[in-house]
Structure formats: structure tokens, C-alpha cells
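Quick one: structure below, then a few questions.
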Amino acid sequence: MIDKIKKSIISFIITGIYVFLLIFVVEWIYLGSFNNSYIWIKNFTKPFTYNFIIVFLLFSLLQIFRRKLCIIFTFLLTVPFIVLAIASRLKVEIRGEPVLPPDLFLTTEASNMTSFFSHNLITWLIVGAVVAIAFVTFLVFIIPNQKKRNWIQICLAALLFFTFIGVYNVETKQDDTLLKRKLDITYYGWNQKATTQQDGVIAGFLLNMKLLKVETPNNYSQKTIEKITKKIPTPSYSDSDKPNVIMIQSEAFWDPTVMKNVEFNKDPLPFFHKLQQENTSGTVTVPVFGGNTVNTEFEALTGMSLQFLPVGSIPYINYVTKPIPALPYIFRENGYEATAIHTYHNWFYSRDTVFKNLGFNRFDSLEYMPNPIPDGDFYHDKTITDEIMRKINMGRDKPNFIYAITTQNHGPYPTTGKKPYANMEVKLKSGQDFTPDAKNQLETYCDNLTEIDKQLESLITQLQNTKKKTIVVFWGDHLPLLGDDYKVYREAGYYKDAPQDYDQYLRMYSTPLLIWDNFSGKKENLHIGSNLLGPVLLDRIGMQGDNLTNYLLNEYKNDGLTKIVRPDFLAKENIKPNVISDLKLLQYDTLFGKMYGVKDKQTIQPDPTYRLGYVDPKITGAKLETIDGEQMLVVQGENFTPQSYVNVNGKDIARDSGDENGIRVPMAKPSDTMKIGVNIMDTNGKILSKSNTIVLKK
């Protein structure tokens, strides 16, 4: 008995040592060095202890297995912790925040982001995985298995695991617990990076498990919602022409000239600045920094606020799983065609299905663009300009509502190397100059802006020439992530630290806004939140909205509501408590409830003819040709794109070359009879559209 107790104690001591080393390695990976991990444990011993307790209780379960199985399962259970550390490190570098539980749903998006991995990182990951597997295999073969089961060890392991379940349930569901208080665990919901830096990677992730569930408000009921909606005034407008409406959400668009300590060799945004002086302009307060474009997009399209959802939420992935009221439904109800345009994959952030639920008639995604212009890892804004004008010039009877999302300015911004059109130079006006990394990143960002500015000018010029009434709303989805830990902003003296006051918060979350039209002559100075864009736009063109947009518009006009900011800064905006309460209830009712507050529910139905792109590819002919000594199959037709694959007898073949009217593919050994079609296919291998088929005989 005593011998079994001793062996059990030794086993759990070994588990404890392993857990200590595991947490050390996790922090080493995340913080970037052995020394940083050591300093974290030294300075944050209590939070380290919190991590240790939870992980130790979890790994204790493995003691119920015999020794060899215990080693194997220990390795398998270690993998998620290492992956979490690596992913958090990379996400902080790319997006400025660690991995959060809602990110677990972003499987396809995560796989796409691996394109940003360096070759060195991939090499080290492969080497590390091989070494770890080899070491575990060696241990399994070299260490003898237990001959008899140690029931004391098994019972103790089971007891500790049940303790883990209890601790996990309490710690993930309650904000204030004895363990958190005693071990100095602090949760900064608005600054996840700060949470992880203090509490550790594992605890930081654990604290955010509550993000996966939204609690029902205590006062939510049909009666409460109807009481709110009855008091919402309906705006009255005179009948007027329906202008084309174009909303352009420009990727990471920001005006770096607001950094007063930075000198530029020339204005990176001359046309934008000219329009600012002549038209309505200002700022948009957005819910994200450095990434998560779709959250700004969600606010702009629905009027809802991310501030009323769990921190880290991505509504497109987590919540927009059914039709919900949004601007496209409002415009469709008023006789418009609603089109979304995005120079990226249709599946990214589930936009292909989300846009259907939000009421768009069609989604013109990258796969359907005949001539997308690559720019680094993304696509030049000329592609967006061309696609907007293609839709405007289609000549259909209905006016257009177009929501365009650009990608040219997407980060990360390189620390070395420039693009072919590079022409911007920056330096600090006072003090030490930028470090080489920061200088290159800011100059590359400004180079992007010069091209974006040219395309904005091109678009406005073309729209003026159409003679059709048109309004354009142009704003940035978030500020750019210029270096790790706000490197460029810090060196320029624009940010001092993570936002601790309201002024700093607004600097980090406010992007430029421009509203241009060719009919109103209005010039205003606006500073609004992204969820107010819709109500302000509808009012500008004299169009009634839904209950939520009407509520927001009434508060904007009569009570000074301009933006819904982070909870700890709400007092700065002097918003009435009942307004916040009403908006929370209306939002819950729409996203999670029974939609008691949605008027005309029958209009919130997706377009049964919703589709990606405008038309399918069409084949008009095919022939075999010898080109430069190689036999090729040449397919003629219409509406071909770079994502068009020629299907020959059931096999898809990527094009060798071509354009929207013809595709060439190698055909070394053609069959006597070939059944030919063209499929538009995305990068996940999903066929989005099929052409007609023809038969070609040799």
C-alpha cells in the first residue's frame, strides 16, 4: 500500500514538472524568447500558478492509463497547447490580438492565413514536429509498461479530473471567483493582448470561453420589445429620384498625415483631401483595430453594435446563420438591386451565405472577376473600380445599392522591399528617426494609399460622367496594424501605450469618412460610429429604414447619439441608459430572439435567385491547336475568369492562359470524343458555376 502511494506521488510529481515545463514553453513561444518567459513567471507568479493548477488538473487524468499510453496521450494533449501558443503569436503579429475561442470556427480562414508564414517558421514547425514524434516514440519503446494497475493512482487521477471539471465550469462561467481573486487574474475584455500578457496564454484563452454563449437578457419579452418599437418615430420624406448608392469599405484606410511628427515627401491622398474640403467628411468609429474587417462590415450593414456582443465575437461566423434585417433588404424593398463586391474568395468569413442572409441579390466575388489585378497577396483597387462601373453600366432599370469591400491595402506591411509603384518617403520631424523596419512599413502603407487615391479619383470621375444621381460613402474598416506592438505609431509619438484614455481610444478606432454625391450639395462634418452609417445614409437620400435604423436615426438627430463605444467609455458619450438598454434588447431580439421588433417580417426573405457573380460562363466553340510545339485545347466563349477550369470528360484542367473570351489548356493526348465544359471553381475546390457543354471530336 505504502509503495503504491509513493509511486502515485512520484507520478503526479512528474506530471507537475511536465506541466511546469509545458507552460514555460507555451509562454516562450508566445513571448518570443526564453528570457521573456522566465520574466513572466517571475513577475506574474500568481497568474502562472492559476495556469498551472488548471493544466495540472487536466493532465492528471492521464494517470489512469498504463505508462506507455500515458506518454502517448500526454503528447497528444500537449499538441493543442503548442498550437495555441504558435497561433496566438502569429495572430498578435498579424492582427494585434491572441487567438480567442470564436476563432476556432474560422477553419478555412485560418488555413488561408498560412500564406503569411515564413519559410523559416514552416521549417522549424516541421523539424519540431518530427523531433517530438521521434522522442515520444523512443520513450514508448524504451520505458517499460506497468505490470499491475495502481488503483490508488487511478482513483486520485479521477478525483483530480472531476475537480478539473468543477474548476473549469466555475472559472469559465463566472467573472469573479475565489481563485481569480487570490491569484490576481485580471480580464481586459477590450484589450485581449494585455489580458494574455498578464494572465498567460492558457488562462487568457480560458477566460474567453464565455464568448461562445450569449445570455438572454432578464427583461427580454415580446411585451418589452413591442413597448420599445411603439415609441420609435417613422421619418417622413417626400418622393424623390432614387440615386445609385455605393458604399466602399476600404481596407485599412487611414490618413497617416494626422501624425504631426511625421514628414512626408508628398501628400499620399491629394484627391481624397480635396474631396474632404468640398463634401461631407469626418470620421467613423469602428469596433476593431488592425483586422477583423467583417465586424465593421456587420455594423455598417445591420446597424447593430459589436459592443453588445461578447468580446472577440465574429457575427458572420457565430451569429448570422439566418436572414436578419439589414440595408440590402431595405434597399430591395424600395426597388433597388443589392450587390456585394469583394476582391477576395467567396467563402472567406462565410460571406457567400452571410450575404444571402443579409438580403443581397448577388455577390460578385473574386472568382467571377474577369480581370483581377494582383497587388502583393491581394488585389489592386482598380479591380474594385472596374467591377463597380461594370455593374453601374449594365443598364438595368432598377437603381443600384452596391457594397464594395477592397483588399489592396491589406497587411502585413513588409519591413523590407517595396512595390513597383513605390514613391513615398517618410521621416520624423523631431527626435530620433524611424527604425528601418518601421520606416519601410509606413512607406509601403503610404505607397498603397497613393494608388487607392488614384482609384477613388477614377471612380468619382466616371460616376460624374454617367449623369445618373449617385452617392458614394467611403470609409476605412480599421486602422492598419503597422508593426508589432504598434511600432510605427509609437515611434511617431502617436500612441503612447495601449489605450487608457478616451482620446487614445478614438485615435485607435477612428477612420476617415467621406460622403460624395452629385445632387445634394451638402457639406457636413460627421463623427459617427460604423453602425450609424446606414441610418445617416438613408436619411441623406430620403428613404425610410427598419425599426433599428429609425431608432438610431431618431437618437442621432434628437439626443446626440453618434457612436456606441467601448463599455468603459460609454459615459464619455453621455448616452442615456435607457437607450443602451433598448438597443441591446432590439439587437438580441433580432440576432438570437423571436424578432418581435422586426416589422414586415415577410420582407426578410433571401432572394430566391441569389447567386455569386452575374452570369455563368458560356462556351461558343472549341478546337485543338498546336501552339509553340505544344498541342492545346482552345475554348471560346464568354464570361471566363482566372478561376475558370476547362472540364474535359469529367476532369477539371486549370487554364494555361486566356481571357474572358477564351481559355487555352494543354491537351497532349486528346480523346477521340471530348465532352467539354467550363467550371468556375474556388480555392477550396468547390464548383460555383457551370457552363453549357459541347462535344468535340478529333
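Just so you know, glycine gets a Cβ as well, placed from its N, Cα and C.
OK, TrEMBL features for this one:
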DOMAIN    243-523  domain 'Sulfatase N-terminal'
TRANSMEM  12-32  transmembrane segment
TRANSMEM  44-62  transmembrane segment
TRANSMEM  69-90  transmembrane segment
TRANSMEM  121-143  transmembrane segment
TRANSMEM  150-170  transmembrane segment
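Could you tell me the structural context for the features on the list?
Model confidence over the domain 'Sulfatase N-terminal' (243-523) is summarised by a mean pLDDT of 94.
Sequence-distant neighbours of the transmembrane segment (12-32) (same chain, 6+ residues past either end, Cβ-Cβ under 8 Å): 38, 40-41, 48, 51-52, 55-56, 59-60, 62-63, 74, 78, 81-82, 84-86, 88-89, 92, 98, 156, 196, 200-202.
Distant neighbours of the transmembrane segment (44-62): 12, 15-16, 18-20, 22-23, 70, 73-74, 77, 81, 156-158, 160-161, 163-164, 167-168, 171, 179-180, 182-185, 198-200, 202-203, 206; these residues of the same chain sit at least 6 beyond its ends, with a Cβ under 8 Å from one of its Cβ atoms.
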